Amino acid sequence: MSPQTETKAGVGFKAGVKDYKLTYYTPEYETKDTDILAAFRVTPQPGVPPEEAGAAVAAESSTGTWTTVWTDGLTSLDRYKGRCYHIEPVVGEQNQYIAYVAYPLDLFEEGSVTNMFTSIVGNVFGFKALRALRLEDLRIPPAYSKTFQGPPHGIQVERDKLNKYGRPLLGCTIKPKLGLSAKNYGRAVYECLRGGLDFTKDDENVNSQPFMRWRDRFLFCAEAIYKAQAETGEIKGHYLNATAGTCEEMMRRAQCARELGVPIVMHDYLTGGFTANTSLAIYCRNNGLLLHIHRAMHAVIDRQKNHGMHFRVLAKALRMSGGDHIHAGTVVGKLEGEREMTLGFVDLLRDDYIEKDRSRGIFFTQDWVSMPGVLPVASGGIHVWHMPALTEIFGDDSVLQFGGGTLGHPWGNAPGAVANRVALEACVQARNEGRDLARESTQIIREACKWSPELAAACEVWKEIKFEFEPVDKLDVKKN
């Protein structure tokens, strides 16, 4: 009989409702190395103390419910309950708090992102006592992360497979994203790869529609890959989107890609689901396929600052579930992403050990031990004038992906690819020579234009294109 059971038997069961903070707010608690730690941005309803709100989050995402129950006496709540162990006000905001919650490791199934999220964020976000709730960060202990395979291959293995080192990889999303026949789609893939790109990509919503069934697309893209490889002497790839309506169909598509001998497949991990993604990642490791991950639907979850879940949490979850690439914003393009915040979760994707750094939005020190890293993909509204900034921001271990910035070239797809490859090589050379990419960006690109008419034409087309909007989700700073 557990100590708690003995206590219950001694004093008798007392029915009723009691404040969550009496059981789940424990500021004296010292976190364990094996705890999963969570940082929640809590906005309580008027009249709800922050301690009660934080305790409610801990309770409703672990062992608690709205009233006392008889069966509490049949287990040890002290062993299994979540604990709100610290609360702090959010800088520059009124009635917002960061509530830190510790969860015992035994609450979670090994190797299951699905179970982890079902517990931590599955129910509590609809709790009436909270006006809004956002999961800002998680600390995944090595004791839990080691139960996951993680990325199928990781950064170093991918570079070895491709035999490409010392620079970012270049990609292109085929446009228009919907409506092309499989043959015309394959033609665009070939032209881009022949022009100097490393990868081309299915858009996230290209699955198997009436205008282009998946098997036809796979065959024409494989033909384009082999033809471009033969002409350039470089290893090429196309992200064949295996996302489907069922897990069984998804695996059939991945198997077809393997039989065609292509190097990489793709999955929409949020719309497809973490269970499907983990299954696909395991298949990819066992069969030598790289796995590109698109984050379609992420902004529904992560864009609002006071409610939902920050992308750094989704990025950590993806690294655990498995993926070799994931879209991570651009900072300079058309999609949301503040620089320091973006660099924070880029490091969480790539590095083995990341120190706590609130200036970049990192709430906890994260040790991935030996889990392979994930290449961040910069994609969305970028073109050749952005190349110096992208090279400086993301470094070598990244994929820079230009869709309209390749296919929108006035001379065609292959010249668009040439322009991007020349711009990238010029930026890498300038950086290696010690030049300041941020300060000399325009000069570096203009110098390269002298040797590449394709780049000069691209620069002329996109010289006035900028996306200068303030990001919605920004780091917390004190307001004057």
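Quick reminder: no glycine exception, Cβ is built from N, Cα and C everywhere.
What Swiss-Prot says about this one:
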BINDING   K201, D203, E204  Mg(2+) binding site
MOD_RES   K14  N6,N6,N6-trimethyllysine
MOD_RES   K201  N6-carboxylysine
SITE      K334  site 'Transition state stabilizer'
Pairwise CA distance, E204 (Mg(2+) binding site) versus K14 (N6,N6,N6-trimethyllysine), rounded so that it is a whole Å: 54
Remaining residues near the recorded Mg(2+) site, that is with C-beta within 8 Å of the centroid of the site residues K201, D203, E204: T173, I174, K177, D202, N205, V206, Y239, N241, M266, H294
Neighbourhood of K14 (N6,N6,N6-trimethyllysine) by C-beta distance under 8 A, where only residues 6 or more apart in the same chain count: T68
Distant-in-sequence Cβ neighbours of D203 (Mg(2+) binding site), under 8 Å, six or more positions away: T173, I174, K175, K177, L178, N241, G403
Collapsed DSSP category at K201 (Mg(2+) binding site): strand
Long-range Cβ environment of K201 (Mg(2+) binding site), under 8 Å and at least 6 residues apart: G171, C172, T173, I174, H238, Y239, M266, H292, Q401, G403
